[in-house]
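Taken straight from TrEMBL:
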type	residues	note
DOMAIN	6-112	domain 'HPt'
MOD_RES	His53	phosphohistidine
DOMAIN	134-251	domain 'Response regulatory'
MOD_RES	Asp183	4-aspartylphosphate
DOMAIN	260-376	domain 'Response regulatory'
MOD_RES	Asp309	4-aspartylphosphate
DOMAIN	394-451	domain 'PAS'
Amino acid sequence: MATFNESNVNNELQANFIRRLPKKINEITNLSRKVFDNSACDSSIKELHIKAHNLAGASGTYGAIQIGAIAKKIDELLSQNLKDSDLSSVIKKINEPLDNYINQLLRALHDWKPSPVTFPPPKNVIESSQFNSFLYLVEDDELLIPGLVSALERFDYKVFHFINIRDFELACVKEMPSAIIMDMVFKEGQSAGADIIFKLKESLIDLPPVIFISVRNDFDIRLAAARAGAHRYFTKPLNMSKLIGTLNGLTQRVSIKPYRVLIVDDDRLSLELYKGILTDSGMHVCILSDPKETLSKLSEFNPDILLLDVYMPNCTGPELAQVIRQDDAYTMMPIMFLSAESDLNKQLSAMDLGGDDFLVKPVEPIHLISAVTVRAKRSRWSMRINKDLKNALRESEYQLATMNQHDIVSVTDIKGRITSVNDKFCQISGYSRKELIGQNHRILKSHYHNDTFYKKLWDTISNGSIWRGIICNCKKMVTNIGLNQP
């Protein structure tokens, strides 16, 4: 995935902002005059609020820091006073400070000299190998090493193996792999694997994805792995299928479709800006300026995540989130609010109506990319798990239906009480479901077997194992039923 830097800011977008800025400020000034001459109505004050709010969000991103700060003051002034239902009281309260802010805004526009938008320099990164199947395996278990290396190589991974941490550390300084598989416990300590990864991350190195493997599965060791930045944690004995699948994803052997992002904002400049940022980072972005088009676009575009402005005419972001959440198909889709609103209570209120996160404009591009990526990735993961569960449920239902046609099935709790039986069981035993449910399985005891036999059977089943053998149960009419369990 591409990273965002200065070159990603489209010069045409910034030039467009500069051209349109005087008009935007003029619109705010004209609406403010209605307040000054007492001709303002409720709708015009709300319109003024939205325009100031949008300007506050966009200005900082395009380098107009002072203009954005003043616009935010207007936004906060109106936000605080619009709670009052008495229009004349609102106008009286905001008149003087608004006049002061408008004069500041006009002076800031006159004095502003556009300059290139800059972002913090990236961390010092050691160049990674071009070969995306190049792995470092750090493991001192001589019994595990040959089999693990062989399994990885069978899937065309080039594996460089290190028995001690020091050799691995020196290798990282020279060249970085596409992924690292790190054991946790070494002679240096119980969490030595996590310690060295944490040390490397604290230095000049941006590490590739790290997978920890260990016999230990306690909370403390997993916490150490998490603090070191683990991407995944596998316990031994390893599930090679899951390990290989995870590696394939982390090394991008498996093609990852671009995340799909739908942005709804009435401010066209903000739409174009955020679309440019996210598109440059490799995402597929769709934009809407009319909230009323959202529902139809959701089914058509099928986004991984939805970004909403909070203050929009006719329908606010939180209101739109409520409408979307009415459909079960979108209850799990992440909704993120983008707004210049800095009031924490209002942010929480907006999220309570259906949002998952809140970003305050202006948003640093790298922060926007990171926030959207995290939410979209979790959304994809959640959808995949949900799909797998549905498939597993369908398969289980099919197997159960097949089994019910041919097998005698009864289910008990840990105390031996019958909780479920199938039709075949009722047919063979001579009992109805009503007669069986809640009864102890001893109701079918034929006395053909001794107590040791039954104890061994129940101990085996209670431990989660499969019991195999021949059992003779008793039918309702005291007829022995021979059951052969291979």
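Cβ coordinates come from backbone N, Cα and C, glycine included.
Keep in mind that what you see is a predicted model, and the values were worked out from it rather than measured.
On the structure: features taken from TrEMBL.
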residue	record	DSSP class
His53	phosphohistidine	helix
Asp183	4-aspartylphosphate	strand
Asp309	4-aspartylphosphate	strand
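Confidence for the domain 'Response regulatory' (260-376), expressed as mean pLDDT, is 90.
Among the listed modified residues, namely Asp183, Asp309, the Cβ with the most fellow Cβ atoms inside 10 Å is that of Asp309. Non-local contacts of the residue listed as 'phosphohistidine' by the CB criterion (under 8 A, 6+ apart in sequence, same chain) comprise Ala71, Asp75, Val310, Tyr311, Ser339, Ala340, Glu341. A separation of roughly 45 Å, to the nearest angstrom, links the Cα atoms of Asp309 (4-aspartylphosphate) and Asp183 (4-aspartylphosphate). DSSP assignment over the domain 'HPt' (6-112) gives 91 helix, 0 strand, 16 coil.
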